[in-house]
Amino acid sequence: MQKVIRIAYLILVLEITSLFAQFSITPYLAKRLGFDTIWFGYLQTTVGIIQLFGGPVFGRFADLHGARAALTLSSLSSAVYFMILGCATNVPLLFISKLPAVFMHGMPGVQMVVTDLTEPGNRASALGRLGLCLGVGMIMGSSLGGSLSTRYGESFAAFVAATGSLLNAALVVKFIPAHTKKRAETDSATDKVGAGAVFSLSYITRLMRFPGVGEMFTIKIISELPSVVFQVMFSIIAMNFFHLKAEQTGYLLSYFGLVQMVIQGGVIGRLTDKYSERTLLLLSIGTASIVGLAQALMTNVQEFCAVVIPMMFSLCLFNVITDTIVTNSVPSSDTGTMLGLCSSVQALLRTVGPTIGGFLYQNYGVLSGYIQCLVNLLLFLYLLKSNFRKTEEQQS
């Protein structure tokens, strides 16, 4: 069991390495093809729409057909994505390269493996270690993508990322079990809904009716929208606001990963062991409000590097706590579908976020951080006065 989890962590590192290499490729390729800030927003919105529909279907596919099949599908889709990106010499092909993203859900796939192989009481800590893997992948991918793009061009960097995805597929086939859930649970789930349930919208959305799940998803959408706007537009901010080159942007993203590694490895686990989910949720949202204010007031890249520390703390803590809450709220046979829905929340925000971000940053620049500050402040005050998860806090 522990060997499988360690291999899953390695698979995630390679997945994120390829993904963040792409973050150092696409903005500069798009700029070379004549994209402005708004059109880049449309490109990111396209990815969001594609993954919005793919997330729940991928999660349900993983629940029914197992982790090996799901992660293999994700890795092969990533390889096709990067191959087409490497061949993109015009605007239509750049948009077409985003189509395989419908099945690119390596993070929720690995989350499902870890969730299935850990007890609920240890789940927050185990999921927190995924953030450590994310940090390693951010450092490796950002540095690699920026360096390769600067020295050999965007196409070469994309083909290297495609090779990494193919290596990932080989690791999945070799080391990940066909099923990580208990066999009885898998058979029960299949018997109840049948093979066609992969595309059953009613079966997928029924999970939202479990106690606390719907409210948790609403909180995720409200709190994450302003920060997602900043994240998806970061490459444009780096180019236009900080005037960074591709290699410099890669180094800055590597710094993100280093900060995340420290936070996930040395902070999150200790907090989840000591404090309740409600307390940590309030802490993450309150910190996000302060981060929004700091983003609006920053004037140079040095100040931004200081803002990154509380920003990554808030994001890491919020994602770990919310994922733990929703996966503990549903039967273990449905954790893949639930994590797919969580992925779709991110995709939904990336659908509307780039268009909103393109407009805001075109007209107001980083002053739009005031929106993040206000939204999270109001959400913090609401949760402070509400009864959300107070029962669990009192029982613990």
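All residue numbers here begin at 1 and follow the chain in the order shown.
Heads up, the Cβ atoms here are built off N, Cα and C, so glycines get one too.
What TrEMBL lists as domain 'Major facilitator superfamily (MFS) profile' is 1-389.
Marked as transmembrane segment by TrEMBL: 7-25 (among others). Long-range contacts of the transmembrane segment (7-25) within its own chain (CB-CB distance under 8 A, at least 6 residues past either end) are made by residues 71, 74-75, 78, 82, 85, 106-107, 110, 113-114, 129-130, 133-134, 136-138, 140-142, 144-146, 148-149, 154, 157-158, 160-162, 164-165, 167-168, 171-172, 175-176, 235, 246, 249-250, 253, 257.
Among the features that TrEMBL reports, transmembrane segment is placed at 37-58 (among others). When Cβ-Cβ distances below 8 Å are used as the criterion, the transmembrane segment (37-58) is approached by residues 26-27, 30-31, 70, 73-74, 94-95, 98-99, 101-105, 108-109, 198-199, 204, 232-233, 235-236, 240, 337, 340-344, 346-359, 361-362 of the same chain, each at least six residues removed from its ends.
Annotation source TrEMBL lists transmembrane segment at 70-95 (among others). Nonlocal intrachain contacts for the transmembrane segment (70-95), taken as residues 6+ away from its ends with a CB within less than 8 angstroms of a stretch CB, comprise 11, 15, 18-19, 22, 25-26, 29-30, 33-35, 43, 46, 58, 61-62, 101-106, 109-110, 112-113, 154-159, 161-162, 165-166, 168-169, 172-173, 176, 336.
The transmembrane segment feature in TrEMBL is assigned to 130-150 (among others).
Sequence-distant contacts of the transmembrane segment (156-176), counting only residues of its own chain at least 6 positions beyond either end whose CB sits under 8 Å from a CB of the stretch, comprise 3-4, 7-8, 10-11, 14-15, 17-18, 21-22, 24-25, 67-68, 71-72, 75-76, 78-83, 85-86, 106, 113, 141, 144-145, 148-149. The feature transmembrane segment is assigned by TrEMBL to 156-176 (among others).
Per TrEMBL, the feature transmembrane segment maps to 225-244 (among others).
TrEMBL lists 250-268 (among others) with the feature transmembrane segment.
Beyond its flanks by at least six residues, the transmembrane segment (280-298) meets 219, 223, 226-227, 230, 271-272, 304, 306-307, 310-311, 313-315, 317-318, 321-322, 325, 366-377, 379-380, 383-384, 389 of its own chain at Cβ-Cβ distances under 8 Å. Taken from TrEMBL, the feature transmembrane segment applies to 280-298 (among others).
The transmembrane segment annotation in TrEMBL covers 304-326 (among others).
Summarising the annotation, TrEMBL assigns transmembrane segment to 367-384 (among others). Only residues 6 or more beyond the boundaries of the transmembrane segment (367-384), in the same chain, are considered here, and those with a CB under 8 A from a CB of the stretch are 219, 222-223, 225-227, 229-230, 278, 281-282, 285-286, 288-297, 357, 360-361.
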### For the domain 'Major facilitator superfamily (MFS) profile' (1-389), the mean pLDDT of the predicted model
82
### Task
Using a Cβ-Cβ cut-off of under 8 Å, list the residues of the same chain that are 6+ residues beyond the ends of the transmembrane segment (250-268) and lie near it.
20, 23-24, 128-132, 134-147, 149, 238, 244, 301, 305, 308-309, 312-313, 316-317, 320
### Message
Using Cβ atoms and a strict cutoff of less than 8 Å, what residues sit near the transmembrane segment (225-244) while being 6 or more residues removed from its termini?
### Response
23, 26-28, 31, 37, 40-41, 44, 252, 288, 291-292, 295, 300-301, 304, 311, 314-315, 346, 349-350, 352-354, 356-358, 360-361, 365-366, 368-369, 371-372, 375-376
